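Contents: one structure, followed by commentary.
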Amino acid sequence: MENMNLEPVDMDLTCDFSVSSPPFQQSAVSGGAEQQMMQIHLRVRPFSKEELAANEDQDCVVIEDDQTVTLNAPKGSANMKSSEKGVGFSIHKFSFSKVYGPQTTQSELFRDTVRSQVLDFLEGKNALIFSYGVTNAGKTFTIQGTQKDPGILPRVLEATFEHIGGHQYEGMDLKPFMRNGAQRLDPDQVKQERAARSAILASSREECDHQRASSSSEPLISSDGGSSSLSSSDDPSVFSSNPADAAGDQFALWVAFFEIYNECVYDLLQPSLSRKRSTLRVCDDGAGNAHVKDLRWVNIQNLSEANKLLQTGNKNRSAAATKLNESSSRSHSIFTLKLLTIGEQTVKRISEFSLCDLAGSERCNKTKTFGDRLKEARSINNSLLILGKCISALRNSQTDRTKVGCIPFRESKLTKLFQAFFCGKGRASMIVNINQCASTYDETLHVMKFSAVAKQVVQVIPDKRVEPPAPFLVGRDGKPLLRNGVMDNQALESYLSEDELLDEEDEADMSLLPTNELLNIIENLQTKLLAERRKNLVKEMEIRKEMGDAMLQQFFESEELRLRQIEEVKEMEAEKLEKTFEMFREAVKEHAYQCAMNDLEDDYVPLDEFTAEQEEAEALRRKVSELEDLLSSNRGAAPVPAVEKWCQTEPSPEAADDRCKRLYQEKCVLERACEDKQQLVLSLEKRLIDLSQTLEDVRDSFLVKSDEVEALQREAAQQSKSMEDVLRQSAEKDKEIASLTTQIEKLSQSLPEQPKAKRGLLANIKMAVASPRKGTPSRSLRKTPKTPQK
Ligand SMILES: Nc1ncnc2c1ncn2[C@@H]1O[C@H](COP(=O)(O)OP(=O)(O)OP(=O)(O)O)[C@@H](O)[C@H]1O
């Protein structure tokens, strides 16, 4: 506690640790839940005769009102000395949810502090109460009390049995499992459970007889199970179950009692056959719910049985006489009740009530501690220091959201177990116990400062109207049971995370163990490590293979998609080309037709006319040749052009002249007609050339498009070739993985006989897996990829 940095800002002459907000202030948050400051109650115990004789009464503790207390530093205390030096103050003021003076009875304390939490518990909510204070301040008295003056715990038990009434579930086949679950036991397990329970109760009976004979201590609850000393509920009907609400439900109450001593968890209800008790592990179910693994849960049916268990547990608890307390608790003890509400042969809900009696915070010099006591004191102070750090961090995270997630719950077993309550899975409240002795003033001041910080922690109280979710149910082997034919997911998750847990024995205080045990532990750990590594290696390979397969599959799918797209583009391009070509063909045809039509219009000559003209021309030609023949035969002269000759040789010059002229004109007409025909032929030839040119152009563009199509086809061919390469590579990898798996299996089978050789091979395999591309073995594909369509 000395190092705890919880000092609030001091003020003037008196230091005021009271918070400005009213102590019971509540505010609603979303979903009907409420926020509430953590309830911190202060109990000031009366002086004992010895203390009064030793002049311990120096008015160090002054109760101002039912919420405020002032501490006045006595002479000689460290606090007084530092205030005399001008460092700090000698008067400190603290406020609490409520202050209970030395005259407060156990019944009053129960009624004011715990009753509402008991009601929560009976309604299915979780609750935690822990007592905190220096050694000999009255923590155990507050939690357990005496037979004449029972404390909170017996009263909680009494209230619970009042609530259960005649609705006790006798089956004993439904038992708490982990933090929030229940286990269904088979008949054999129920038999074992009953036998173990009887053994514990019988051993406590012997102990009680022994105690009665020696009258050394008194049981907390009368052994007949009656509640003669209990008056926990002034109005017992408050706790009675309402038959209308219960709807035929039955209740089973299971309890566990354990302690955390030197950071090791011990079951206080486990009969220890040897001197060395076995330690238990604190496990997390993966959802922030820590629980003690293999803790003994005992089904109790009445107060008498509860008392016997308390006796047994207290007998096993680590206690020792210190200078300040004859029987000082050297450990944190936690008594937990679990109430199972059972209806229709299943567990409807489970609620938990934990009562924690913390070990006393103390300074080693005051308690004159050495050896084991010193070690205990260090361990106690350390776990209380972590509790203080958690509470401080919790308060800081609530005031400053950036600090969320830095709460060191995992640093001690105690805080791991408290975490769920501090994180909204139940309501926690603290009872601070102080004595008024001047000799322990400085420690008391530390305790008060701690509680001032704790008081500022805000808790989210779940909405009472909202029914908590049904607990998960597991079978004999702890594996989840089907609920309405469906696997219980919550149970499955918890079960799986349970498997993943680390062995927390590693965290226990090893220095307490002898060397040979340490060697055994090391050997065990080495074996575990090896097994873990092997498991990880196999897992890693499986994951690699899965990832490879998934990637390959993805690649095939994308490749297939790409090929499909290329095919579609090709088809579209070919279609477009075909259309363009068709268009050109149509255009050429149209053009040729138009030209032909134009020519036909220009050069149209009726056929009769043309035939007549042809005949006439033929007749004229015949006549011309006749005349030429005649002329040449008459004159015997060298032949001359026919017409001229004929004109010259005409007997009548006029007639011959006319005839010649006419013939000449006809000749000229014929020549013109020939010229026109020649022109027509030329123009047709020119049009033919133009058309050929157009056809040439169309052919060229067709060739270009064909080239493009060919290029696309080439590209597609290349891609399919590269895909084949990838397939080939994947096949090789697959074969490599298969051969490695075979090797691992062989190694796993032969590992126990040749551990050293296997370690070498495992390392080789790990290297091979770490650089899979260097492996030579060929592979085969698991899946045959689809051949892309071309
Ligand atoms: N309110 C009280 N009224 C009468 N006696 C009390 C009261 N509180 C404590 N005592 C007595 O004071 C003594 C010390 O109390 P207790 O053992 O409960 O202290 P503690 O805080 O649990 O100490 P430790 O941490 O060392 O276990 C006991 O003899 C107890 O009976």
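Using N, Cα and C of the backbone, Cβ positions are placed for all residues, glycine too.
Taken from TrEMBL, the feature domain 'Kinesin motor' covers 37-457. Marked as ATP binding site by TrEMBL: G133, V134, T135, N136, A137, G138, K139, T140. Residues or ranges marked as region 'Disordered' in TrEMBL: 186-242, 768-790. Annotation comment: TrEMBL describes 186-196 as compositional bias 'Basic and acidic residues'. Taken from TrEMBL, the feature compositional bias 'Low complexity' applies to 214-241. Residues annotated as coiled coil in TrEMBL: 681-750. Residues or ranges marked as compositional bias 'Basic residues' in TrEMBL: 780-790.
Feature map: annotations from TrEMBL on the structure.
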{"residue": "G133", "record": "ATP binding site", "Cβ within 10 Å": "28"}
{"residue": "V134", "record": "ATP binding site", "Cβ within 10 Å": "28"}
{"residue": "T135", "record": "ATP binding site", "Cβ within 10 Å": "24"}
{"residue": "N136", "record": "ATP binding site", "Cβ within 10 Å": "25"}
{"residue": "A137", "record": "ATP binding site", "Cβ within 10 Å": "28"}
{"residue": "G138", "record": "ATP binding site", "Cβ within 10 Å": "20"}
{"residue": "K139", "record": "ATP binding site", "Cβ within 10 Å": "27"}
{"residue": "T140", "record": "ATP binding site", "Cβ within 10 Å": "24"}
Please check the binding-site residues V134, G138, K139, T140 against ligand 1 and give me the ones with CB under 6 A, sequence order.
G138, K139, T140
Please list, for the compositional bias 'Basic and acidic residues' (186-196), how many residues fall into helix, strand and coil according to DSSP.
10 helix, 0 strand, 1 coil
Going by DSSP, is G138 (ATP binding site) part of a helix, a strand, or coil?
coil
